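I'd like to ask some things about the structure below.
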Amino acid sequence: MGKSDRLQQGSKGKGGGKRKHGKCVLMFDDKDRQDFLTGFHKRKLERRRAALEEMKSKLKEEQKRLREERHKEYLKMLQERRQALDEADELEEAITATTECVQYDHPNHTVTVTTISDLDLSADRLLEPAQRDGGDGEERERTEALPKQAGNPLLSKKIQSLTASLNSLVKQKKRRKQKRRQEAKQRSHQSDRKSSSSAFVHNNKQKQGKSTKRQRRRQTGRNERSQD
């Protein structure tokens, strides 16, 4: 009896030991769900924007580098120009103000002959010194002006492509016009030939029209003689 009672008590204890789990309800936020589903497109647009910004920055850097290189070349040319002008001024001064001294020794006295040559190069250039100086100042002001900014290479490529397409269209139109003119000339020549041939045939028919009585009599006389 004791064993059976224990088995019954164990079975009751196991059956009553099961616990019921509570229900789990999942709630989705529509906004977060939409953001998750459209995230691929957003990331694609962001990558595209980043690529465009990177291209713009590279283009700006390239333009800046080209401007700096042009500015350096311009300064170098300006320096060379100034050196050439200075050398020309020195040469002009050396030519326009030269002195030669020659001494002749005699037993009683000494003779010194000094030759001073003062050439005016402005006469050869047909310019006065003041005007020439003013022109040099204007040239220097012009050379000291800053260089123009380089154009946009992308826009220049687009303009080149547009001009090429326009030129091709113009050439095609010219070719079509030439073909039409040639066809019109050929048609006019053919029509002239036809009209000339028809006129020639008509004239022959007119010439071969009805014969006169005199011609018929002569023809009948010839026939009678041939029969005899």
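Glycine residues also receive a Cβ, built from the backbone N, Cα and C atoms like all the rest.
Residues or ranges marked as region 'Disordered' in Swiss-Prot: 1-22, 126-228. Under the heading coiled coil, Swiss-Prot lists 40-103, citing sequence analysis as support. Residues or ranges marked as compositional bias 'Basic and acidic residues' by Swiss-Prot: 126-145, 181-195. Residues or ranges marked as compositional bias 'Polar residues' by Swiss-Prot: 158-170. Residues or ranges marked as compositional bias 'Basic residues' by Swiss-Prot: 171-180, 204-220.
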For the compositional bias 'Basic and acidic residues' (181-195), find every same-chain residue at least 6 residues outside the stretch whose CB is under 8 Å from a CB in it, and list them.
none
Please average pLDDT over the coiled coil (40-103) for the predicted structure.
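Computed over the coiled coil (40-103), the mean pLDDT is 83 on the 0 to 100 scale.
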For the compositional bias 'Polar residues' (158-170), what are the DSSP-based totals of helix, strand and coil residues?
13 helix, 0 strand, 0 coil
